[in-house]
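*Asks:* Dropping the structure in here first, questions after.
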Ligand code: NAD
């Protein structure tokens, strides 16, 4: 299959925080890969803007090092790297000061697509937005990209939305949730709405329950101080997992159009039931294998922040009444895996005697590693031994099915940045979506705080706290094994 790369219009992109970790690991390498693929015209202008004193050549050297480290050798071509670096420049700027802004104005054009990537702490969003206008740099057609975390509760998210809305309208604001840029996440929509096969069954009548798992092997060592202020609920559930849940649960939009899709996602968030305390298990990993536990990594010996969470949530609407969604995510678990498993109900009547061999149909959508889908179906066990049943996977790895192109799935950031340039907001969160998600999350967190709830300890490298198993066992269900 031949990959289709459609070049975007020439653009100007200013990356505030252009010397930071995210810029070096994701944004610069992602832009380079799109340039290498022929998607970025050579007369585009990419400006790094940050506090460090540096000139264009200094920034190009930083970018070259980032490409060397984060782009695979098969895409590193000296001539292409040089041509890419020629599009790069740098302006030293203080988001809170006055220096550098007029220099930036002289570097960007008004007659091309203009985007400003705020890859800085959210506390600087307002300062940058204000100065972009005060110095007449941004105009009505400019776009801004903002990073997570988008608030830490409803009030702070509303405040951030308010700050941005002073200078930009909603159609100009691209709130990144990089999960939405993942190939398989978008495939969820293709699978549901471009096939006749699944959608008629996509409801409580046929689906017993849904499991969404995002498991990580990494601990918070090295960034414990930051993580401790957040925790799994804020860091993962309120944004990434909520987005996955929405894509599974939403009604078909009338068109694959940004607002049509986001309207449907918003309706799902609004239909989420409040979660009862007994339907949530929080965990904190313990010390083991010569490594410190969460409390050592967070440096706060009394921290009650969770590095693991499992919860059950119901969606109160016609489609989903009676089908619980179970979500779990955690750090320092036994394997790194993200998947969505949709478990179908039993046939209404079995004509076979072999009840032991029967298992539910499960559609597993793997986000990582090895993006793909797996449909567990019942067949007859091969051989002459009578009518015995067995379950087999209809396994589709996108990398295998799509050949070279499937093996070369663009990183989420690459895709999302190109969407910003194309002006397509479908894969970005709208302000009301983010606020609705916090509206659901806030009372849960406030409940823990009011009760002084402490997370349960779990062994590093395990599947999480024992109590999380009970969350499903008591409903007569089981979590899927966490494995790569
Ligand atoms: P970082 O600390 O590595 O870099 C911060 C950047 O902001 C630097 O370039 C710094 O020079 C610049 N900066 C700081 N204060 C400034 C000021 N007053 N004026 C101008 N520039 C200033 O941070 P990071 O890890 O790159 O993260 C950037 C943003 O992206 C944060 O909001 C973070 O939460 C978010 N984010 C980061 C990651 C990641 O993997 N690093 C992932 C998701 C979201």
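If you go along the chain as it appears here, the first residue is 1 and each next one adds 1.
In case you wondered, yes, glycine gets a Cβ from its N, Cα and C as well.
The active site, proton acceptor annotation in TrEMBL covers 240. Sequence annotations record features per position, and here TrEMBL assigns NADP(+) binding site to 51, 148. Per TrEMBL, substrate binding site is recorded for 178, 182, 216, 235, 331. Per TrEMBL, the feature domain 'Glucose-6-phosphate dehydrogenase NAD-binding' maps to 14-187. Here TrEMBL flags 189-480 as domain 'Glucose-6-phosphate dehydrogenase C-terminal'.
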*Asks:* What number of additional C-beta atoms lies within 10 angstroms of the C-beta atom of residue 235 (substrate binding site)?
*Replies:* 23
*Asks:* Select, from 148, 240, 331, each of the recorded positions with a Cβ positioned under 6 A from at least one atom of ligand 1; if none does, say none.
*Replies:* 148
*Asks:* Please state whether DSSP places residue 51 (NADP(+) binding site) in a helix, a strand or coil.
*Replies:* coil
*Asks:* Return the member of 51, 148, 240 nearest to residue 331 (substrate binding site) in space, with distance defined Cα to Cα and candidates limited to these recorded positions.
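*Replies:* Nearest by Cα distance to residue 331 (substrate binding site): 240.
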*Asks:* For residue 182 (substrate binding site), what residues in its own chain, 6 or more apart in sequence, show a Cβ-Cβ distance under 8 Å?
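*Replies:* When sequence neighbours closer than 6 are ignored, residue 182 (substrate binding site) has 367, 368, 371, 412 within Cβ distance under 8 Å.
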*Asks:* Let me know how many other Cβ atoms fall within 10 Å of the Cβ of residue 51 (NADP(+) binding site).
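*Replies:* Summing over all protein chains shown, residue 51 (NADP(+) binding site) has 17 other Cβ atoms within 10 Å.
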*Asks:* Report, in whole Å, the straight Cα-to-Cα distance of residue 148 (NADP(+) binding site) from residue 216 (substrate binding site).
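*Replies:* Between the alpha carbons of residue 216 (substrate binding site) and residue 148 (NADP(+) binding site) there are 19 Å.
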*Asks:* Taking Cα atoms as reference points, which of the binding-site residues 51, 148, 178 is nearest to residue 240 (active site, proton acceptor)?
*Replies:* 178
*Asks:* Residues with Cβ closer than 8 Å to the Cβ of residue 178 (substrate binding site), same chain and 6+ apart in sequence?
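*Replies:* Those within reach of residue 178 (substrate binding site), by Cβ under 8 Å and sequence separation of 6 or more, are 412, 413, 416.
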*Asks:* Hey, what's the widest CA-to-CA gap across 178, 182, 216, 235, 331, the substrate contacts in the record, in Å?
*Replies:* 20
*Asks:* Do me a favour and check the Cα-Cα span between residue 51 (NADP(+) binding site) and residue 235 (substrate binding site); whole Å is fine.
*Replies:* 27
*Asks:* Which Cβ among the recorded positions (148, 240, 331) has the fewest C-beta neighbours inside 10 Å?
*Replies:* 148
*Asks:* Between residue 235 (substrate binding site) and residue 148 (NADP(+) binding site), what is the CA-CA distance rounded to a whole number of Å?
*Replies:* 9
